[in-house]
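Taken from TrEMBL, the feature compositional bias 'Basic and acidic residues' applies to 1-27. Summarising the annotation, TrEMBL assigns region 'Disordered' to 1-34. Under the heading transmembrane segment, TrEMBL lists 41-65, 77-99, 111-130, 136-157, 169-190, 210-232, 280-298, 330-347, 354-373, 410-434, 446-466, 478-496.
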Amino acid sequence: MRVEIHPADFRHKSFDDEDDSSSHHSEPVNPRKPKTEWHKVYVGALLIFLANLEKNVLALADWLYMKQLDPEVNPDYFGAVLGVARIGHAVATIGFSYWRSETKTTKNGLLLGRVCDLVALILYCGVEFFGSWKRYVLMTVYFLVYRSIINLRTYIVDCSIPEDRSSAFALRTLANVAAMLLAPVMQLFFASIEYPGITLGHESLRLHLFSGPLLVTLATNVFATVLIIFCYSEPASLGPTKVKESKPEMRMTSSETALRSVPSYSMTSRLWGFITKPNFSWHLISVICLAKVAVYASNSTILVVHAPYCQVGFGWSSAETVVELTNAKIYVGIVSVAITIFFFKMGKRIGDNWVLLVCAVLGLAYYVVTYPIPGLLSHSTTPLYNETTRGGCNETEYAWCGAPVGNPAVWVYSSVIMLVIVVQIALVASDAVFSNLLEKIDQSMMQGLLVVLSDAVQTFASMYSADLFTRFGLGPLWILNLVLAAGVLVISLLYFRRFR
């Protein structure tokens, strides 16, 4: 009997696989159970850490730097910038997912993403060269940055087996949280160099509390590029793992040959088969995606209003806001790292359904505690606008000046806990559930679609959050997020057993 190796059979089953009706004739060469390639997971996590470091350094003072460069900037523009960033991320995700599907490699995509990040960082550091175009250059920066991480989402999945998926995702989250912790430390190091700072050879090139950390990330970008070139390798799941007995070749008619040569026919028929006869439950996938939509929308809302509310609601200056948020992120980040390490070690013992349920309860509690209820959780009102510090509520921009505000410390620390701990762990749990529901197929396309969905949700959420905050303040926006948090809680309870 003649045996041939078929490389096409080495891939995970996906919607572009041919009919495998003769798989019962297969004889595995290596019957050993697949194992998680932890060394590759570690490399992927390190690259995620470096990419997130750039993202978090940029995000720590983005609103404050925009306001410093252009006092006319308002939360609506900030929401538009974050929306543009998500659009860029979605476009890149589609492109890189198609690239990976065609080439079966992610390395070149990662290198291209690193080039985009490098261009974005250079533009950010030299933004004052562009005069009246500064706000559009910053928008371009957000469109380009954070592209190098897109392929790593599927990479972590491909390198891990379902039994280790929660631990692998916890390691990915540890990389995210560690970056969140280091970014404010770097920011604090430059906090004493207030704007406009120190001139570096040209009056438009300056070293100050906003640009200093970004100059450091230029070096980390180079290190990450070297790491990709010399230490990064593709997962074994994309390579040969089994052989297959050859089948007698059947001669196709000329019409069949012509039809097979039309790419759209093959792609459309396979896609239809993937939709109508999947190897997973569309119902459960839709439900977990709905929960993730609520988490992403809530996260985007907090990101949009967190820093502006500190200035408008409490009257803080840019420097005060940077220091307060930095200190909070350092303290909370240390706790978050410890919690994430715990989940990495105990990922197999703690069910993802339990984690998602606890995070839903904490998220609901956050919106209740920070809601500005007059006389109960609020003890003051928004201060008047100060032209010197640019803190306080400007009545020409906001119609809700004089509204009640809560305790500044409660707002800052609870919001940071929500962003750094609750949201991150909720995403780990929901990612693990999503991935395990797709266990039997090649997940590259579905993971890519999930990223596009999250980007679309966060784009929309960033824009409506900025608009509602500018028009009505925190109240209506927080009521909407209370509903979203309650929805996640209901899903976690109703599908508790099925998400195990």
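Using the three backbone atoms N, Cα and C, a Cβ is placed for every residue, glycine included.
Note that TrEMBL annotation is computational and uncurated.
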Of 41-65, 77-99, 210-232, 354-373, whichever stretch has the most CB pairs under 8 A to the transmembrane segment (280-298): 354-373
Positions on the same chain near the transmembrane segment (410-434), where near means CB under 8 A and six or more residues out: 165-166, 169-170, 172-173, 176-177, 180, 285, 288-289, 291-292, 295, 298-299, 302-303, 306, 309-310, 313-314, 324-325, 328-329, 331-333, 335-336, 339-340, 343, 352-353, 355-356, 359-360, 362-363, 366, 369-370, 377, 450, 488, 499
Stretch among 77-99, 169-190, 210-232, 354-373 sharing the most Cβ pairs under 8 Å with the transmembrane segment (446-466): 77-99
Long-range Cβ neighbours of the transmembrane segment (210-232) (under 8 Å; 6 or more residues past either end): 43, 46-47, 50-51, 53-54, 57-58, 60-61, 64-65, 68, 107, 110-111, 114, 117-118, 121-122, 124-125, 148, 183, 186-187, 189-190, 193, 195, 197
Contacting positions for the transmembrane segment (111-130) when only residues 6+ beyond its ends and CB under 8 Å are counted: 51, 54, 58, 69, 92, 96, 136-138, 140-142, 144-151, 202, 204-206, 211, 214-215, 217-218, 221, 224-225, 228-229
Close approaches to the transmembrane segment (77-99) from elsewhere in its chain (Cβ under 8 angstroms; 6 or more beyond its ends): 62-63, 66, 106, 108-109, 113, 116, 135, 138-139, 142-147, 150-151, 154, 300, 303-304, 308, 444-445, 447-448, 451-452, 455-456, 458-460, 462-467
